[in-house]
């Protein structure tokens, strides 16, 4: 009995020591991403803080409309750590999204971030789908000045529901939120997912799968 108690105490102390050693907050003022460093880490390697310049914390261009001349009728202009090295380790990023009339930001997910969207111009129909088994659609039509939140990891979308152009700004809770476009991932993977998998999964014929894969 005493032996078991000793083991339990040691295990609890070890777990506490490990958790106490974890520090989620930044341990320095900033960590500008060193994009020239090829080291593989969970994120970007920091360059010497003494070499940090104002340009590392600056981005310009969100005042410019994105080119929506594509099949989706939308354009996302991201500002994450790839465009703004000073965001490294800060856990934030943003994007401008432009929509042509009836344009769509197709269903996608951000595996590492929640998103808060603000409509600057136009009318957007937006929504997300909850996880299995409910798969409930949570959707709303937004007007200029409205704000909507997409929880991390959930499939979501936006569609311009008006006759004019629309613009939104999105803020995300990661410097590198990632994006998985559902159509691209399922029907445009490289190499392609076997048609036998897709026909069975979506309960459609091979001709439908072939046609969809040809689109991506």
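Cβ coordinates come from backbone N, Cα and C, glycine included.
TrEMBL entries are annotated by machine, without manual review.
These features come from TrEMBL:
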- 105, 110, 115: oxalate binding site (BINDING)
- 108, 110, 115, 156: Mn(2+) binding site (BINDING)
- 60-210: domain 'Cupin type-1' (DOMAIN)
- 1-21: signal peptide (SIGNAL)
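On the structure: features taken from TrEMBL.
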residue: 105; record: oxalate binding site; CB count, 10 Å: 25
residue: 108; record: Mn(2+) binding site; CB count, 10 Å: 19
residue: 110; record: oxalate binding site; CB count, 10 Å: 23
residue: 115; record: oxalate binding site; CB count, 10 Å: 23
residue: 156; record: Mn(2+) binding site; CB count, 10 Å: 22
Sorted by sequence, non-108, 110, 115, 156 residues with Cβ within 8 Å of centre, Mn(2+): 109, 113, 128, 150, 154, 155, 177, 179
Euclidean distance between Cα atoms of residue 115 (oxalate binding site) and residue 108 (Mn(2+) binding site), Å: 12
Integer average pLDDT (0 to 100) for the domain 'Cupin type-1' (60-210): 97
